[in-house]
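Right, one structure below, let's go through it.
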Amino acid sequence: MAINNVASAAAVPPLNTYRVVRRAYFNRLFAPIYFSAVAALFYHHIHTLLRHLSSGPSAAAVVPTLLLILADFIFALIWLTNQSFRYRPLIRREFVENVEKVSPPADFPAMDVFICTADPFKEPPIATANAALSVLAYDYPPEKLSVYVSDDGGSQLTIFAFMEAAKFAAHWLPFCRRNGVLDRHPEMFFGSCRADDPETQKIKVIIFSWGPH
């Protein structure tokens, strides 16, 4: 039974792999040296503070030393918290094509995506509508994907943009699925796409004629 379990586990394709960045090893060697220097610096500050206190405390001598200790403590704390990112940085590689081999689409969890906007002048409706279209074009079971748009500004321009985007989605989503488009953000796609096939040209005509503006 154990052999069968090991064999079945080995047959499951990986969803991701990772490797440790090479520079992490140099940081691990440098970290103790840096820590020793910080410890020596604090020893010097404390020794200086005790010397000032023993020779008769004066604000002109004690206050600068305390400020130096506080400043060095803040910088040391920042360095220490950054070590959690530098100690073992990873480079990951995802295998999206293996997802359906591990779990059928019927078992995918439901996913809710919230898109928030407030000011149609600072956040152009075309950008928000493009974001919604790119989410709707996800290669994900449609019945398990819900997209919500929250417009705190209550702008009629934003509503109109999404009404037009809904019309364009009827053409854009099938186009992405038929052609295997990976960059499904319409603005980014048409900004980098140099294809001149009839279907792509038709989509361009649609989006520039009555797409979200």
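Positions of Cβ are set from backbone N, Cα and C atoms, glycine also.
Listed in TrEMBL:
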- 29-46: transmembrane segment (TRANSMEM)
- 58-80: transmembrane segment (TRANSMEM)
- Lys122, Glu123, Asp152: UDP-alpha-D-glucose binding site (BINDING)
Sequence-remote partners of the transmembrane segment (29-46) [C-beta within less than 8 Å, at least six residues beyond its ends]: 65, 68-69, 72-73, 76, 79, 83, 86-87
Position of peak Cβ density within 10 Å, selected from the binding-site residues Glu123, Asp152: Glu123
Where the record names Lys122, Glu123, Asp152 as binding UDP-alpha-D-glucose, the maximum Cα to Cα distance in Å: 13
Cβ within 8 Å of the mean position of the Cβ atoms of Lys122, Glu123, Asp152: remaining residues of the chain near UDP-alpha-D-glucose: Thr117, Ala118, Asp119, Pro120, Phe121, Gly153
Spatial neighbours of Lys122 (UDP-alpha-D-glucose binding site) that are distant in sequence (at least 6 apart) but have CB under 8 A: none
